[in-house]
Amino acid sequence: MNPESEELYPIAILIDELRHDDVSLRLNAIKRLNTIALALGHQRTREELIPFLDESIDDEDEVLLALAGELGEFTEYIGGPQFAHILLQPLENLAAVEETMVRDKAVESLNKICPQLSQAQLEQYYIPLLKRLTLGDWFTSRTSATGLYACGYPLASPASQEDMRKSFGQLCADDTPMVRRAAATHLGAFAKKVGKEHLISDIIPLFNKLAQDEQDSVRLLTVTDLVAIAEELSPEESKAYFLQTLKSMVADKSWRVRYMIADNFVKLSKAVGEEFTREDLVVAFVRLLKDNEAEVRTAASGQVPGFSELIDKDTILNYILPCVRDLVTDTSQHVRAALAMQISGLAPILGKEATTEHLLPLFLQLLKDEFPDVRLNIISKLETVNKVIGIELLSQSLLPAIVELAEDKQWRVRLAIIDYIPLLATQLGVEFFDEKLGALCMSWLGDSVFSIREAATVNLRKLTEVFGVDWAKQTIIPKVLAMGTHPNYLYRMTTIFAITAMAPAVTPEVIRDYILPTVTNLVSDPIPNIRFNVAKSIEALIPVLMQNPDTAPLVDQQLKPALIKLSEDSDNDVRFFSQKALLPVQ
Amino acid sequence: MVLDLDACIESLFQRQLLAESVIKEICEKTKELLMSESNVVHIKAPVTVVGDIHGQFYDLLEIFKIGGYCPDTNYLFLGDYVDRGLYSVETISILTCLKLRYPDRVQLVRGNHESRAVTSTYGFYTECMKKYGTSDVWHYFTDLFDYLTLSVVIDNMIFCVHGGLSPSIHTIDQIKVIDRFKEIPHEGPMADLVWSDPDPGREEFAVSPRGAGYTFGSMVVEKFLHENRMDHILRAHQLCMEGFQVLFDDQLSTVWSAPNYCYRCGNLASILEIGVEGERHFNVFEAAPENERPTPAEAQRTLFSNGVPQSLFSNGGGGSNGAGVGGGPNGAMTFAGASGSNGGIDPAQDTIHYFL
């Protein structure tokens, strides 16, 4: 073998893999296509690799998908933008295959390559590709075509641009709903490229037609187009062109369309401007909040804080808040849950007094909701309210409810409260905390649900960081260590997890005086699960003790012997974990 | 190939499927491990006992969140890992890996669903085809099932089996001489152990409405316990609305660990925590909320590229979503019109008639 082909030998293997029977090998090779290209060099890649890939188009979808993705990044490997058009051919084929994901990826890649083309390349290669796909027999190529107009438009010649506007219009009027849906999906992006004059003369009529399509699946997609187009117009123009359309969409007989409006309401309002919003959209929003379809109400609830930021306080209090009050007792739990997630967002907008007067009673009601997600969502957003009204007012009004929730029968609700405790602790101070919340924190260590016990130990570490090691020494450490004698191994386990969790937060002295005795005791625990967790705990304790020259000797004196004893244990797992812990200190 | 079990377990917790070749190797190794187990495995408390899971992966995760993770908590699983749920593959994969990684901390007993005949009809075979494209993975696991033990005894006091007792079996020793390394037969002691049910209204054995195994009553239970000097029988196999059931004056318990069975029964589930002194605590739980909405990754797979939820275009749940969407077959997503049913099979009780 001559030297040149010797170098190419591993590449030959890769190329063979591209033709292999086993699909996973072909996939592998496709993912390393750039390696092959680098070895072949620009010219051979252009002249041999790309055509080879183009002819192997009938392959597994997974391979085609990977190929479509790779080609989008391939410009540098074929010698730079001046050759980029060579990648268009295989991508055009991929854009017409049956599998949607492959087509979408091909379109994505074409969108990446398009900006790299010169105007000449665009006119010579890209525009004809676009035409062929647009006039394709199968709906698959026509749907892909819709995604290629926006990026091709800016650099095209005025004649081509006029053609493109016409062809896109044809796609919007296509017989197949799939194509019209794709056109509706991409109308917004296209609209942003055509310039104001053609936006008004060509695009808005297309939009209006799609917005009245007989298929609701097409209509609902035009909502995002509306936002996109409105962003290009002045507020007066938005109002002139879209007031009627918006009104009919809000009252559309298909709830799916109303859902899309609701879900995009803030974006919509921002796009059409303040006056339009104030005069016409408030009424529309209220309609959506009272819609008879729960999903629409849920989507609208999600938009409440965002929308409220755009209107004045009086409008909120007079129009939005009454709806919010009704939604708190909505029959659908998902609506109430969505509201609970968002309602605290109103607090910063309304300010302290209005929040205290209008929102606090609603929070309390939601905290007592029978559906756990509602309760959970309120708790997770209390911080926002805290910032507005302050911890004292918050704890007076809400603390009793919070304490009740700490014993909620849904463990995820209990968990959310635990996560909130360190924050409360920081705000309330040590005395208040000890009096009201201390016992609660300890009781969680004995909860019947493991995740609660685990969270409780992490909580203790965070509290130690807030209140200090001395406080921990007096209040929590004795109780934690006492659990080490519980008859149930699952609770003795909590002690060990707590020790491991707290080690980084306490001083080496605390470990020596309080923790080590318990640890060394548990080395002889009758249950192997305890013993191997002791080994893991020791593994975590050693670095902390080594920090301090006073406590470092303890490692050799107490901990290493303990590990050695455990490494000869009769149980496999105890031996495994203790030997692992011994490795760094051998 | 060097098998990194810890990495496999971690991927499985993220609900990522293992490669087919990895599954093959794991099953091979686990078979070797199980081969040396007797038909009656003796273990010591403390241990947490788990009943039917039936491919409800998120509820298995819930079990770990409530009972503690392996290996810190000892687990005894009583079978029926696959079928009916959406994630049988992930469920049996993770349990097999855990058994292989921590053989002293995990025990797996064979249920009536750990069988080629049953899994061909009740979902596991279909799921393997859908997720792997071939039936190889189904073959690896069903071959593995032949090796699973039939029963476990805790502290020589508690007899644990998937279904129940057999008229052919009076002593533990009689179980030990069974040749278990084969497909579950239609009848005989091995079939009885995985198919039988207690009947608190009777005293003796009777024909089972399931068409396999028997029903057994109070005298049978007392005699078995007395003869074998044990004080409790623990089994699964039957849906319990409260998650568990205690019968025969606390001589027999059923533990059921698949909450909201088939995503529509609305039942509770439980795991039984057994302490060193024989203390029994049923830790009751509900279905995990992750069952209700698809994960972001699943949502990606089912979305149109513009981000509009697929369900906006469907007419409601129907049974057609299959394993691609996280919602259950009744369209647990709340979009209106999501009712749909999953065909006429009564989930509460399997019978052998469906596949004879």
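Heads up, the Cβ atoms here are built off N, Cα and C, so glycines get one too.
TrEMBL does not curate its annotations; it predicts them automatically.
If you check TrEMBL, you get these features:
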{"type": "REPEAT", "residues": "A:87-125", "note": "repeat 'HEAT'"}
{"type": "REPEAT", "residues": "A:164-202", "note": "repeat 'HEAT'"}
{"type": "REPEAT", "residues": "A:203-241", "note": "repeat 'HEAT'"}
{"type": "REPEAT", "residues": "A:242-280", "note": "repeat 'HEAT'"}
{"type": "REPEAT", "residues": "A:281-319", "note": "repeat 'HEAT'"}
{"type": "REPEAT", "residues": "A:320-358", "note": "repeat 'HEAT'"}
{"type": "DOMAIN", "residues": "A:357-505", "note": "domain 'Phosphatase 2A Regulatory Subunit A helical'"}
{"type": "REPEAT", "residues": "A:359-397", "note": "repeat 'HEAT'"}
{"type": "REPEAT", "residues": "A:398-436", "note": "repeat 'HEAT'"}
{"type": "REPEAT", "residues": "A:515-548", "note": "repeat 'HEAT'"}
{"type": "REPEAT", "residues": "A:559-586", "note": "repeat 'HEAT'"}
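Beyond the ends of the repeat 'HEAT' (A:281-319), by six or more residues, the same chain brings 246-247, 250-251, 255, 258-259, 261-263, 265-266, 268-270, 272, 274, 326-327, 330-332, 334-335, 338-339, 341-343, 345-346, 349-351, 354, 358 to within a C-beta distance below 8 angstroms of the stretch. A Cβ distance under 8 Å defines the sequence-distant neighbours of the repeat 'HEAT' (A:320-358), meaning residues of its chain 6+ beyond its ends; these are 282, 285-286, 289-290, 294-295, 297-299, 301-302, 304-309, 311, 313, 365-366, 369, 371, 373-378, 380-382, 384-385, 387-390, 393.
Computed over the repeat 'HEAT' (A:398-436), the whole-number mean pLDDT of the model equals 82.
Outside the repeat 'HEAT' (A:359-397) by six or more residues, the chain places 324-325, 328-329, 333, 336-337, 339-341, 343-348, 350-352, 405, 408, 410, 412-413, 416-417, 420, 423-424, 427-428, 432 with a CB less than 8 A from a CB of the stretch. Assigned with DSSP, the residues of the repeat 'HEAT' (A:398-436) fall into helix, strand and coil as follows: 33 helix, 0 strand, 6 coil.
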